[in-house]
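A.B. asks: Next up is a structure, given as structure tokens.
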Amino acid sequence: MRLCLDRGRQRPDRGRPAPQAGAGGQDRRGDLGRGLIATRRGRFRPRPLRAASSRCPTKSPECSGFGPNWRRNFRRPSIFPPEFVARLGRMTRIHSIDYLKFLVATGVVWAHAVLLSGHFHVPTYLFGQGLVRNAVPVFAMISGFLLHATHRKGRTARWLTVLGCAYLFWCLVYLPIWLDGSHMSMPDLIYQLIFGPIHLWYMAALVVAVAMVMTVLRFAPSEIAAQRWLAGSALVLLLTGNAIQSVDFYTSIDMPLNSYRNGAFVEYPFVAMGYLLAGVIRKKGLDWLPRAPVLWLILAGLAVLRLIEAAFSLHYAGLSPAAPPELPPLAVAFCVTLLLAMMRTPLPAPRAPLGMISMFVYFLHYIVILSALSVGIGNVWALTVIGVLVPTMATYALIWTLGFIRPLLQSDR
């Protein structure tokens, strides 16, 4: 950006007229030059005037010259109406989502600590099947909520590419664990990569769910139609997956686990719900929602109902690591209320990078728990703490390493 003083020459490429002479034949190009800014493409636009101050009581062009603080004083005028700018302001980063991601990631660590250590008791069953099992749908809903802003910025393809590369990388890291020394054929290997090995099935399902949402958005004739298609398909697929799981759990018909635990039946409905919820909040903001105490009270009631549901499953099937089918309306209501309650709760910006820590906890906790079990640590809570603490330390180690290497790379340039 530079100050352009036109010396009376007319630009042939732009056809912009030369400055006119003022009264008394004096050239006014100085005043015009102080009020114009030349962009990189050669186009001219008026420079925004600074607010009145003691040094410049009038907002005249004579006071809008470049000073030592011209970069700080410069403000680009907004081309959007004020109500649209205010609406965008309500869609700034919601720090409560970062806290929720870390909370849900901790719940996943606890669940895997129970499964891998074999501590199946009535309290752990009720707590796990009643509350912690909501971790996966809540994660999917958060992903759909964040996908809305990513899609509006036109970064969905890049985001999907990064997600797919991260999934393949961690599949390679966990390759010795999920292969377990067996000689797997190529079709079986492809099958494992499609549906995801061990806990990485969530990543594989998330890629499929996001791709399905993008397909609906691409072929929908309008935004209203896209919202209806997303809501309708989410409802149908959620009920279909629940029906397949019910057949496998309550009848003698043996259904494969991946027939209902996949991106279409488990994650797509909640990713679509999160996307639709983000669209509503972008238009209306958060003020139309009930207050945080009301939402937390509703969530407490839903949590009691979920525990009662888990008690019925315990009475019917007994202690088992197999997850019984859940009531879809109750599951959806609990996950949506939890997300809304967190968003309505005013929380300060976290001093720790909770988003990055949550990601590392998800990817690393499984191998950390296996390592702790191999050295004789079998307590569930100790495994949970280790499964969260070690990835957190790894996150800070990576941040410190990048902060140490980046100045060295820049100095070499």
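Placed from the backbone N, Cα and C atoms, the Cβ positions cover glycine too.
Residues or ranges marked as compositional bias 'Basic and acidic residues' in TrEMBL: 1-16. Annotated domain 'Acyltransferase 3' per TrEMBL: 94-397, in sequence order. Look at TrEMBL and you will find 1-36 tagged as region 'Disordered'. Annotation comment: TrEMBL describes 99-120, 126-147, 159-179, 199-217, 229-245, 265-282, 294-317, 329-347, 354-375, 381-405 as transmembrane segment.
How buried are the listed features, and what sits near them?
C.D. replies: In the predicted model, the domain 'Acyltransferase 3' (94-397) has a mean pLDDT of 92.
Within its own chain, the transmembrane segment (99-120) is flanked in space by residues 128, 131-133, 135-136, 138-139, 142, 199, 319-321, 338-339, 342, 347, 350, 354-355, 357-358, 361-362, 365-366, 369-370, 373, 378-380, 383-384, 387-388, which lie at least six positions past its ends and keep a Cβ under 8 Å from the stretch.
Counting residues 6+ beyond its ends, the transmembrane segment (229-245) has Cβ neighbours under 8 Å at 212-213, 216-217, 220, 255, 259-260, 262, 264-266, 268-270, 272-273, 275-276, 325-326, 328, 332 in the same chain.
Sequence-distant neighbours of the transmembrane segment (294-317) (same chain, 6+ residues past either end, Cβ-Cβ under 8 Å): 122, 125-126, 129-131, 134, 249, 324, 326-327, 330, 333-334, 337-338, 340-341, 344-345.
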A.B. asks: Any contact between the transmembrane segment (126-147) and the transmembrane segment (381-405), i.e. 3 or more CB pairs below 8 Å with pairs at least 6 residues apart?
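C.D. replies: In this chain the transmembrane segment (126-147) does not contact the transmembrane segment (381-405) - fewer than 3 Cβ pairs sit under 8 Å.
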A.B. asks: For the transmembrane segment (354-375), which stretch among 159-179, 265-282, 329-347, 381-405 has the most Cβ pairs under 8 A?
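C.D. replies: Comparing 159-179, 265-282, 329-347, 381-405 against the transmembrane segment (354-375), the winner is 381-405.
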A.B. asks: Which residues, given as numbers and ranges, are at least 6 beyond the ends of the transmembrane segment (381-405) yet have a Cβ under 8 Å from it?
C.D. replies: 105-106, 109-110, 112-113, 116-117, 352-353, 356-357, 360-361, 363-365, 368-369, 372-373
A.B. asks: Hey, which bits of the same chain come close to the transmembrane segment (265-282), Cβ under 8 Å, at least six residues off its ends?
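C.D. replies: Cβ under 8 Å, 6 or more out: 87, 90-91, 136-138, 140-149, 151, 202, 205-206, 208-210, 212-213, 216, 227, 230-231, 233-235, 237-238, 240-242, 244, 332, 335-336, 339-340, 343.
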